[in-house]
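A.B. asks: Summarising the annotation, TrEMBL assigns domain 'CMP/dCMP-type deaminase' to 17-144. Per TrEMBL, the feature Zn(2+) binding site maps to CYS69, CYS103, CYS106. The feature active site, proton donor is assigned by TrEMBL to GLU71.
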Amino acid sequence: MMKMCTPTALTALQKAEEIEKLINKSHEAKSFAYCPYSKFPVGAALLTEDGQVFTGCNIENACFTVGVCAERAAIHKAISEGFRKFKAIVISSDKSDNFIAPCGACRQVMREFGTKWEVYLTKPDKSYKTMTVEELLPMSFGPQDLPTKSRRM
């Protein structure tokens, strides 16, 4: 007897494959990290609403404050190519047994582009936990909180 896939099951399968692809891309991006000080490589893979994937890695600097996190590297790369709508981002590292989560600055940058998109926090074994930007940064401040004349969109 042949088992038929329902549209919902197919969609769930497609989403699982999409997440697996993003997790693998984030691990690949991690290999390019420049982290001579922390020795903590991080990779990110950002999925735009129209299916483009942008990767990023952390890039440190001897003047610590001018370094950039993997998440912001991927987002800035996408922004510089004209993309503004995001569907998901995956963050990976192999230096912690815990789910890796974005720092506060990265959460705020993510928030600039919406609160409903997904953030996948991973472990080195590629298991993951899913949250939205809103869950990561509750009661956030965003573009709509600025006076109308201050907004540039």
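Every residue gets a Cβ built from N, Cα and C, even glycine.
TrEMBL: automatically predicted annotations, no manual curation.
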A.B. asks: Starting from the Cβ centroid of CYS69, CYS103, CYS106, the recorded Zn(2+) site, name every other residue in that chain with its Cβ within 8 Å, sequence order please.
C.D. replies: ALA70, GLU71, ARG72, PRO102, GLY104, ALA105, ARG107, VAL109
A.B. asks: Taking CYS69, CYS106 as the binding-site residues to compare, which has the smallest set of other Cβ atoms within 10 Å?
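C.D. replies: Taking CYS69, CYS106 as the binding-site residues, the minimal 10 Å Cβ count falls on CYS69.
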A.B. asks: If you count other CB atoms within 10 A of each CB, which of GLU71, CYS103 wins among these recorded positions?
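C.D. replies: For the recorded positions GLU71, CYS103, the Cβ with the most other Cβ atoms within 10 Å is GLU71.
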A.B. asks: If I take the alpha carbons of CYS103 (Zn(2+) binding site) and the residue listed as 'active site, proton donor', what is the distance between them in whole Å?
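C.D. replies: So the alpha carbons of CYS103 (Zn(2+) binding site) and the residue listed as 'active site, proton donor' sit roughly 9 Å from each other.
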A.B. asks: Per-residue pLDDT averaged over the domain 'CMP/dCMP-type deaminase' (17-144) comes to what?
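C.D. replies: Residues in the domain 'CMP/dCMP-type deaminase' (17-144) carry a mean pLDDT of 96 in this prediction.
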A.B. asks: Taking only the Cα atoms, work out how far GLU71 (active site, proton donor) lies from CYS106 (Zn(2+) binding site), in Å, as a whole number.
C.D. replies: 6
